[in-house]
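In what follows, a structure is listed as structure tokens, so that the remarks can point back to it.
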Amino acid sequence: MTAQNDTGVAKPANDFSHEQEGYQHGLKPRQLQMIAIGGAIGTGLFLGAGGRLHTAGPALAVTYLVAGVFAFFILRALGELVLHRPSSGSFISYAREFYGEKFAYAAGWMYFLNWAMTSIVDTTAVALYLQYWKAFTAAPQWLLALIALVVVLAANMVAVKVFGELEFWFALIKVAALVAFLVIALVWLVFAFPVETGGEAVRTGFSIWADNGGLIPNGVLPAVLVIQGVVFAYAAIELVGTASGETQDTEKVIPRAINSVVFRIAVFYVGSVVLLSLLLPYTSYKEGESPFVTFFSSLGNPQVGVVAGSIMNFVVLTAALSSLNAGLYSTGRALHSMGMNGSAPKWTTKMSKGGVPYAGILLTAAFTVAGVALNYFVPAQAFEIALNVASLGIITAWGTIILCQMKLRQWAKQGLAKEPSFKLPGAPVTSWLTLAFLASVVVLMAIDYPVGTWTIASLVVIIPLLIVGWFLQRDRILRIAALREGVTGPFPIGVRDPGNQVRRDGQDGSGSTRG
């Protein structure tokens, strides 16, 4: 059953407006712009790039560039969906609209897994950054991680405008710091100022590449295998979709925010990695330490190096706190959307008077507390274990966005939806290429033994848990779906015809069953 909207375009009568009830449009355009700019500049770049530079060498910049192109495609696809229907449920809500309840259920819980693991990565990163300073070295890693969680959780529980303002300043600090790094790095290269590594002075520039194995010092395979970590570095770009449901003037702000990604990827990611590789031998960087801190600590004057290193360490600390802040925000909204449609427990729909879905936020925080245990039992491996599991959720989320974008285009051709005004360039070719890229990342993870292989193997546990959860929640999911108008995918679950009420058991007034 379809209905006509005010543009004359036939559309499914399915109504998802209930998902937005209780939210406040508290995010201002300047906040969303900064969230878009700083959203993907987080732990994956500030901390993870150190270990990946050590593994892949300067070729890491090429890996960032390739992944960045597909990240842009994913964001443009999300832009189509957001202008079709802004929703705080983001791609989970779109999955429900275009593919039905099972798809939305799986996509939602995999996204929750992503952010639950990411929050562990971020709290671990905060603890590692704090231990850079001697004042915190005596404190156990797990305690510092727990304190970070409590502070950010408190900020998220107040109101969306508090989240927006906090994220605005976090992002501003990150962007300003990266700009400062780019300027200082270029000065060091132009004037060939030396740096110190291993107690020896090293002249910066392309001679570092020549003296240390060239662009691909360890071969092609290591440069390719780091792709899953690079994918994680771009995580949170989809946060723009979640924020759209609480943003003012969506149709103008979202396209502008998304298009800014091209510049961000080219300069902040690719540019930073290229400069880092020209400033120090790739072997100077190491896992567990920010490559930016490594560079600033290597400046010729020991006192200058210490001060600069401390400043940069503060910046990367704010980056980790920013990512944790975004994760709690995002999953709170995702779980609320899932709860409203039966995919998550009913209590996850609870909201505060300030429009904060606090129940979903607290559930994510509870999983993060469990992850703090990783910092207690395996502090050395906590970051990489959580990062790789999070990558599975990211790939699922991005794949869902592309599939929903493809379905929206199909509906538009059939007259069931308005033709998108803000389109993914080159679709459907770019859509299929992006799906192929995401599939190749999964394959590369599987052959990256042991961590990547075991990460893929964890699906043996994750998939059965999803299946069991579906059957436990199925009756409530289908009951709620039957109360909505229209169709929740290719198979009707319940349609409310004029003068004909659909009963909760899925039968219409005439006694026939629908779905």
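From the backbone N, Cα and C atoms, a Cβ is placed for every residue, glycine too.
Positions annotated as domain 'Amino acid permease/ SLC12A' by TrEMBL: 32-471.
Residues or ranges marked as region 'Disordered' in TrEMBL: 494-515.
Positions annotated as transmembrane segment by TrEMBL: 34-53 (among others).
Taken from TrEMBL, the feature transmembrane segment applies to 59-83 (among others).
Taken from TrEMBL, the feature transmembrane segment applies to 103-130 (among others).
What TrEMBL records for 142-163 (among others) is transmembrane segment.
The annotation transmembrane segment is assigned in TrEMBL to 175-195 (among others).
Under 8 Å from some Cβ of the transmembrane segment (215-240) lie the Cβ atoms of residues 32, 35-36, 39-40, 42, 44-45, 48-49, 51-52, 55-60, 62-64, 66-68, 71, 74-75, 78, 82, 90-91, 114, 118, 121, 209, 254, 257-258, 261, 269, 282, 323, 326-327, 329-330, 387-388, 390-391, 394-395, 397-398, 401, 441, 444-445, 447-448, 452, all in the same chain and six or more residues away from its ends. Annotation source TrEMBL lists transmembrane segment at 215-240 (among others).
Listed as Cβ neighbours of the transmembrane segment (261-284) (distance under 8 Å, sequence separation of 6 or more from its ends, same chain) are residues 36-37, 40-41, 45, 49, 53-54, 56-58, 60-61, 64-65, 68-69, 71-72, 75, 175, 178, 181-182, 185-186, 188-189, 195, 197-198, 202, 204-206, 208-209, 211-212, 217, 233, 237, 291-292, 294-295, 298. Feature annotation from TrEMBL assigns transmembrane segment to 261-284 (among others).
With a threshold of 8 Å between CB atoms, the same-chain residues lying at least 6 positions outside the transmembrane segment (304-328) that come near it are 35, 38-39, 41-43, 45-47, 115, 118-119, 121-123, 125-126, 129-130, 132-133, 148-149, 151-153, 155-156, 163, 166-167, 170-171, 173-174, 177, 181, 196, 236, 239, 290, 292-293, 296-298, 361, 364-365. If you look up TrEMBL, you'll see 304-328 (among others) marked as transmembrane segment.
What TrEMBL records for 356-379 (among others) is transmembrane segment.
Feature annotation from TrEMBL assigns transmembrane segment to 385-404 (among others).
Here TrEMBL flags 424-447 (among others) as transmembrane segment. Counting residues 6+ beyond its ends, the transmembrane segment (424-447) has Cβ neighbours under 8 Å at 70, 73-74, 76-77, 79-80, 224-225, 227-228, 231, 388, 391, 395, 398-399, 402-403, 405-406, 409, 453, 455-456 in the same chain.
Under the heading transmembrane segment, TrEMBL lists 453-472 (among others). For the transmembrane segment (453-472), the list of distant contacts is 102, 105-106, 109-110, 113, 388-389, 391-392, 442, 445-447: same-chain residues at least six beyond its ends, Cβ to Cβ under 8 Å.
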Local confidence of the domain 'Amino acid permease/ SLC12A' (32-471) - pLDDT mean: 85
Intrachain neighbours beyond the transmembrane segment (385-404), with Cβ under 8 angstroms and 6 or more residues off its ends: 44, 48, 73-74, 77-78, 81, 91-92, 94-95, 97-99, 103, 106-107, 110-115, 117-118, 120-121, 124, 228-229, 231-232, 235, 238, 241, 371, 374, 378, 431, 434-435, 438, 441-442, 445, 451-452, 455-456, 458-459, 462
